[in-house]
Amino acid sequence: MSVVPPSLLCLGLCLSQSTCAQKGNLPPPRIIALPGSTVPWKSPVTLLYQGPKQAEGYRISRVGSPEPMDKEEQITSRKTNTLNIAEVTTDKTGLYHCSYQRGSHWSQFSDPLQLVITGAYDKPSLSSMAGTVVAPGENVKLQCFSKINHDVFILTKEDGDHVTQNQSSVPQDRGRQAIFLLNPVSSTQAGTYRCYGAFHDNPYVWSQPSDPLQLQVEAPSGNLASQDRRLGIWIGVPVAVGLLLLVFLVFFILYCLHKAKNNAERKERHPEAAGQVNGQASEAADPQEVTYSQVNCHVPHQGTAGTLLGAQTDPEQRVCDAGLQISQAPGPALHLGSRTHSYLW
């Protein structure tokens, strides 16, 4: 029996679909397996075909493991949209696809469904070379190893986004291994992983699954704490400065209002004191007081009233009258009206 790679089988399916499309130009149906397309050895499975309500019948085809397209098995057309397989064994594995009939035309083939059985060989081991808890963006290597000389290893992700990767094996410590790369890892790649071993001549018969590997993708707690602290600083500093400025502005306004109120009350209580202060200030600015003095001298004649106490007056005797006047501006002037008589000998 010749070995045909799965890629060539898929190419043949695509060519077959295009030929069918030229015949009927009807949209293809869908085919799914319940409870799944990877089932343990001799477990039951149900193939479900989903087409339009107008479908009058279905045709199921299986590509053997690995038979060429001209050897595909034509399963009898069915009125129902299900196919129950009581026990899945090696001869039941392979690629399945289906089409439906509407009038005299058949639709395109559905996308192929890969039906695989597990448990034919001992389980391999699966480990993460970077540990099971990694940071986002880190390069992660998953190692699948078996002492059985499998040609290929298959990595599957059981939850979230279901992922299947095939990798050729290489010799390693009296066995075979394959390295699966997750570069760079993200939160969507966190989940439960298993790996299987298989051979090229029977690619749909896998080994028992490895023990589950739970991969966690999360940022280190220290980085999260430092990021939170930096974020708190960047947010808290401007807020604190703004609050301080606001408090200072409020106190300044209150101080100005209080000072203005005190000045107004002081003026209302002591209006005359304010006037006296203003008067004193104006008087301090006035010029100094001025004193004027005038002296008049004359010679009295004999027999006149110029005698003093009846005594004779010397001809050489002179009499001087002095007048003193003190003025102060702008107030009333102070005048001294008395006279002073001086006798000069």
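The backbone N, Cα and C atoms fix where each Cβ goes, and this holds for glycine too.
If you look up TrEMBL, you'll see 1-21 marked as signal peptide. Per TrEMBL, the feature domain 'Immunoglobulin' maps to 28-118, 129-218. For 231-257, the entry in TrEMBL reads transmembrane segment. Look at TrEMBL and you will find 265-285 tagged as region 'Disordered'.
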Confidence summary for the domain 'Immunoglobulin' (129-218), mean pLDDT rounded: 92
Number of helical, extended and coil residues in the domain 'Immunoglobulin' (28-118), per DSSP: 6 helix, 48 strand, 37 coil
Counts of helix, strand and coil residues, the domain 'Immunoglobulin' (129-218), according to DSSP: 3 helix, 45 strand, 42 coil
